[in-house]
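Asks: Here you go, one structure.
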Amino acid sequence: MVVASAASPCESSALFATFDHDGDGRISAAELRLCMKTTLGEEVSDEEAGQLVASVDADGDGLLCEAEFVRLVQAAEVEEEDERRGTGLREAFGMYEMEGEGCITPTSLRRMLRRLGSDQDIDDCRAMICRFDLNGDGVLSFDEFKIMMNA
């Protein structure tokens, strides 16, 4: 869920001021919800806005000070980057997973490697898969593929 993006402290302060409609130095869940709708075009329920506030509300007052708001924005940016990375990994996984089985087999790995100009035999492909095959089933699931790509 996108909250906002602020690259510098000045931008963070300006963004905080935009979200702080009543100018009291705190952002309520209602202000957060309203600003997410009007500024970002993102609909969130009262409950979701409350959960967002609670996720970074260090002092437990139900409101966000500027530092808490900055933490919320930073967390949203990390989440967004993780989503982008996950989409890219899913697409890459799909290139190797050619047999419609939802996993990368030694055969599908060999096919893709050949397309990329590498002439690995099936035993080499089994050995590559074995290094990241955590459950020992002889194939790579998407989760195992993610681990391999992040290694």
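Note: Cβ is positioned from N, Cα and C throughout, glycine not excepted.
Sharing the features that Swiss-Prot gives for it:
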type	residues	note
DOMAIN	14-42	domain 'EF-hand 1'
BINDING	ASP20, ASP22, ASP24, ARG26, GLU31	Ca(2+) 1 binding site
DOMAIN	44-79	domain 'EF-hand 2'
BINDING	ASP57, ASP59, ASP61, GLU68	Ca(2+) 2 binding site
DOMAIN	84-119	domain 'EF-hand 3'
DOMAIN	120-151	domain 'EF-hand 4'
BINDING	ASP133, ASN135, ASP137, GLU144	Ca(2+) 3 binding site
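Buried or exposed, and what's around them? Tell me for each listed feature.
Replies: On its own chain, ASP20 (Ca(2+) 1 binding site) has ARG26, ILE27, GLU31 as residues at least 6 apart in sequence with a Cβ closer than 8 Å to its own Cβ. Under DSSP, ASP20 (Ca(2+) 1 binding site) is assigned to coil, being neither helix nor strand in the three-state scheme.
Per-class residue totals from DSSP over the domain 'EF-hand 2' (44-79), listed helix then strand then coil: 25 helix, 1 strand, 10 coil.
Cβ-based neighbour count (10 Å, all protein chains) for ASP59 (Ca(2+) 2 binding site) stands at 9.
Note on the domain 'EF-hand 3' (84-119): residues 125-126, 128-129, 138-142, 145-146, 149 of its chain, located 6 or more positions outside it, place their CB under 8 angstroms from a CB of the stretch.
Residue counts for the domain 'EF-hand 4' (120-151) under DSSP, split into helix (H, G, I), strand (E, B) and coil, are 18 helix, 1 strand, 13 coil.
Neighbour density for ASP133 (Ca(2+) 3 binding site): within 10 A of its CB lie 18 other CB atoms from the protein chains shown.
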Asks: When the domain 'EF-hand 1' (14-42) is classified with DSSP, how many of its residues are helical, how many are strand and how many are coil?
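Replies: The composition, in the requested order, is 18 helix, 1 strand, 10 coil.
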Asks: Relative to the Cα of ASN135 (Ca(2+) 3 binding site), which of the binding-site residues ASP24, ASP61, GLU68 has the closest Cα?
Replies: GLU68
Asks: Find the one among the binding-site residues ASP133, ASP137, GLU144 whose C-alpha lies closest to that of ASP59 (Ca(2+) 2 binding site).
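Replies: When the Cα distances are compared, GLU144 comes out closest.
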